[in-house]
Amino acid sequence: MQEPPCPPFVTRDTGLQQCWRMCQEVYFKNLSKQKQKEVMEKNVNNHKLRVCVATCNRADYSKLAPIMFGIKAEPQFFELDVVVLGSHLIDDYGNTYRMIEQDDFDIHTRLHTIVRGEDEAAMVESVGLALVKLPDVLNRLKPDIMIVHGDRFDALALATSAALMNIRILHIEGGEVSGTIDDSIRHAITKLAHYHVCCTRSAEQHLIAMCEDHDRILLAGCPSYDKLLSAKNKDYMSIIRMWLGEDVKTRDYIVALQHPVTTDIKHSLKMFELTLDALISFNKRTLILFPNVDAGSKEMVRVMRKKGIEHHPNFRAVKHVPFDQFIQLVAHAGCMIGNSSCGVREVGAFGTPVINLGTRQTGRETGENVLHVRDADTQDKILHALQLQFGKQYPCSKIYGDGNAVPRILKFLKSINLKEPLQKKFCFPPVKDNISQDIDHILETQSALAVDLGGTNLRVAIVSMKGEIVKKYTQLNPKTYEDRLELILKMCVEAASEAVNVNCRILGVGISTGGRVNPREGIVLHSTKLIQEWSSVDLRTPISDALHLPVWVDNDGNCAALAERKFGHGKGIENFVTLITGTGIGGGIIHQHELIHGSSFCAAELGHIVVSLDGPECLCGSQGCIEAYASGIALQREAKKLHDEDLLLVEGMSMKKEEVVSAAHLIQAAKLGNSKADSILRTAGTALGLGVVNILHTMNPSLVILSGVLASHYVNAVKDVINQQALSSVKTVDVVVSNLADPALLGAASLVLDYTTRRIY
C-alpha cells in the first residue's frame with residue numbers, strides 16, 4: 001500500500017525552539033493589533049486582567065501553553081502569573097517544569113505537592129498538601145482569575161483553593177465524559193468554576209444540563225489543536241530517529257502510553273501486562289512512555305522492569321517527550337496504543353490509528369481512527385487489534401478543535417466583567433437545546449467555505465447555515481493546472497482566516513466544478529473544454545492538508561440541484577430536476593430526496609441529451625445536443641454569424657469596435673425586433689424544451705427548475721414544448737425559474753453543511 005502523505009507538523013527541537021516561540025508571539029501580536037480597537041471599546045475592566053495559570057503535569061501544559069503564549073503576547077490587556085506544581089517537579093517523571101522555562105515563561109512559584117507512594121492514600125495526601133500550600137501563594141499573587149485545566153486531583157486542589165478565596169475560576173475542558181475517578185473530579189471542578197471553556201458541542205450541552213449558566217460557557221475547541229493545526233515544518237525524521245533509532249521508518253513503529261485506572265488498579269495492572277506481552281509478540285519498534293503519577297503507577301513500572309522492557313531491543317522506554325516532538329511521533333506512527341486521552345483527542349487530528357484499551361476513556365467522543373478494546377482481558381484480543389489497526393491511515397478528525405481556540409479564549413477573557421457578582425448562579429431547570437447560536441463571544445455561525453470553479457471565474461465564499469453569503473472573493477480562473485490550484489489554496493486560506501473576524505466557524509470546504517467528478521474520492525476525472533488541464537485532479541488532498549478541514553467535491557450541475565434542495569424551490573420536494581443554462585448546459589437530479597450520481601458518476605449530463613440527429617456540433621464531439629443549441633456558447637456562435645453578415649444590429653443597438661459579440665447581444669437584438677435573432681432563441685428554447693420532455697418521460701419529476709443567466713429567457717418556450725410534446729400524464733409538472741443568486745456556491749456549501757451538521761462537531 002502506498003504510504004499516505006505525512007501531515008505537515010512542526011517540531012520544537014533544539015534549533016527551532018526560539019523560532020517557534022517567536023512565530024507564536026508574532027501571530028498573537030498581529031491578532032491583537034487587528035482587534036485592539038474593538039476590544040478597547042468593549043473592555044469592561046479598568047485595569048489589566050491578572051491571570052494565574054497553574055499547571056500540574058506534562059499533559060495539562062500542552063493545553064495551557066498556547067493560552068499562555070496568547071496572554072503573554074498581549075501585555076496591554078493581561079498580566080500572567082505561572083504556578084507550577086504536581087509531577088512537573090519530580091525527577092522520576094522527567095522534571096517537566098524545564099520545558100516551561102524553555103518556552104521563556106517566568107515561573108513565579110514552584111510548589112512541591114506530590115506525596116510519593118503512588119497509591120490512593122498518597123493521592124489524598126497530595127491534595128491536602130496542595131491545599132495547605134496554595135493559600136499563601138494566592139494571597140501573594142492576588143489574581144483576578146485562575147485558569148484550571150482538566151480532571152486531575154491536583155486541579156481539584158487548585159479549584160477548591162481559588163473558590164474558597166473568592167478568586168474567579170476559568171475551567172478548560174469541562175463537560176467531557178471519560179471514565180474512572182476523573183469524571184467525578186472534572187464535574188466537581190465544573191461546580192466550583194465560574195467560567196467554562198469546552199471543546200465540543202456535546203460537552204457544552206453537558207455543562208448546560210449540569211445547570212451551568214450558558215452565557216459563561218465558551219465553545220472554543222481544544223487549545224492544543226491551535227498548535228497541531230498551525231504548524232508547517234516537515235522535518236520529522238530527525239525526531240523519529242532520535243527517539244526510536246536510525247533504522248525506523250514512518251508508519252512502521254508504535255507509540256504506547258498507558259496509565260493506571262485508579263478505580264480498579266488490579267485490573268489495570270493485568271491489562272498493562274497483557275499489552276506488553278502483545279507488543280512483544282507483535283515485534284515492532286515501540287516508544288513506550290512511563291505512566292503518570294496516579295495510584296498504581298509504581299506497580300506498572302515494576303511490570304515494565306519485570307518484563308525487561310527498558311532493555312528490550314524493540315522498545316524505547318522514556319519518562320517524557322516534549323509535546324512538539326511527541327505530536328510528530330504520533331503523527332507518523334503506525335499505531336498508538338494505551339488509554340491516554342491524547343489517543344482519543346489529539347491523535348485524531350492526524351488520522352493515526354489508535355487502540356484504546358479499557359474503561360479509562362469510556363464516553364469520550366472519538367474519530368473513526370479509534371478502535372476500542374474495552375475488555376482487554378486476553379493477549380490475543382490486543383494482538384488482533386494491533387493487526388487490524390497497524391499501518392492504516394484514517395481521515396483527520398476535527399471533533400476537538402479547528403485551530404482557532406486561543407483567539408476565542410482571549411476574547412472571552414476580555415469580556416469578563418470583574419464588577420459582576422462573584423457568586424455563581426445556576427440555571428434551574430436545564431436550558432433547552434435550541435439556544436441561540438450567535439451569542440457574541442460564545443458561538444460562531446456554523447458556515448462552509450464554498451468554491452465555484454467556472455469556465456471564466458474562480459469564486460470562493462463564506463456561506464452560513466441559512467444560505468447567506470457572508471463574504472465572497474472572485475478571481476479570473478487561471479489557464480494552467482498549477483496556477484489554478486495555487487490560486488484556489490490562496491483564496492481558501494484567505495477566506496478561512498477572515499472567517500474568524502466575521503464570527504463564522506468553518507466546518508469544511510465544498511467545491512463545485514465543471515466536468516465529471518468522483519465525489520467519493522474528491523477527484524475531477526475529466527473536465528469540459530471550458531476548463532483546461534483539469535483531468536485526474538485530486539482536489540481533496542491538497543486543500544484538506546492546507547486548511548486541515550474536510551473537503552467535498554462535486555459537479556456544478558449536481559451542486560445546483562443540492563442548492564435548490566436546501567435553499568430553493570426544491571426544499572421538501574421528493575423528486576425534481578435542475579437545469580443550468582449558462583456558458584454550458586448542465587443539471588442535477590434529486591430522486592427520493594437524494595442526489596443521483598450514476599455508476600460512473602455521469603448521471604444528469606442533461607446538456608448532452610441529443611434532440612436532433614443532424615444538429616450543430618457540440619463541444620463533447622457529438623451533434624444535436626441541447627448544449628449545442630441552448631448554451632451561452634451556442635448563442636454566442638449564432639450571434640457572431642449574424643454579426644459577420646451584418647444581420648445582428650438593429651435600431652437601438654450599438655457596439656464598440658473592440659467589443660466581443662456575446663449571447664447578450666443576441667437576446668438584446670431579439671427584444672428589439674430582430675426576427676433572425678428571435679428565431680435562434682426560439683429554436684434554442686425548443687431544443688431545451690425537447691430535452692426536458694425526455695427527462696419527464698424518463699424520471700417523471702414533480703418539478704423542473706431552470707437555473708442560470710438564460711433561464712428566464714427559456715422558461716416560456718419550455719412550457720410550450722411540454723404542452724405540445726409531452727404525454728398528458730406529465731404535463732402537470734411545474735417549471736420554475738430559480739430564485740437563487742449563486743446556486744453553484746450555495747450548492748458547494750450544502751455539500752459541507754448537509755454532511756457535517758449530522759455529526760457532533
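Going from the start of the chain as shown, residues are counted 1 onward.
Yeah, the Cβs are placed from backbone N, Cα and C, and that goes for glycine too.
Per TrEMBL, the features are:
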- 77-414: domain 'UDP-N-acetylglucosamine 2-epimerase' (DOMAIN)
- Arg516, Thr528, Asp556, Glu605, His608, Glu627: N-acyl-D-mannosamine binding site (BINDING)
- Asp556: active site (ACT_SITE)
- His608, Cys618, Cys620, Cys625: Zn(2+) binding site (BINDING)
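For Thr528 (N-acyl-D-mannosamine binding site), the binding-site residues whose C-alpha atoms fall inside a 10 Å radius of its own C-alpha are Cys620, out of Cys618, Cys620, Cys625. Using a 10 Å Cβ-Cβ cutoff, Glu627 (N-acyl-D-mannosamine binding site) registers 28 neighbours.
Of the listed binding-site residues, namely Cys618, Cys620, Cys625, the sparsest CB environment within 10 A is found at Cys620.
In sequence order, the binding-site residues near Cys625 (Zn(2+) binding site) (Cα within 10 Å of its Cα) are His608, drawn from Arg516, Asp556, His608. Other residues of the chain with a Cβ within 8 Å of the Cβ centroid of His608, Cys618, Cys620, Cys625, the Zn(2+) site, are Gly607, Val610, Leu619, Gly621, Ser622, Ile626, Glu627, Ala628.
Here the Cβ of Asp556 (N-acyl-D-mannosamine binding site) has 27 other Cβ atoms within 10 Å, regardless of which shown protein chain they belong to. The binding-site residues listed here (Arg516, Asp556, Glu605) include no residue with a Cα within 10 A of the Cα of Cys618 (Zn(2+) binding site).
Near Cys620 (Zn(2+) binding site), with the C-alpha within 10 Å of its C-alpha, lie none of the binding-site residues Arg516, Asp556, Glu605. Taking every pair among Arg516, Thr528, Asp556, Glu605, His608, Glu627, the residues listed as contacting N-acyl-D-mannosamine, the largest Cα to Cα separation comes to 16 Å.
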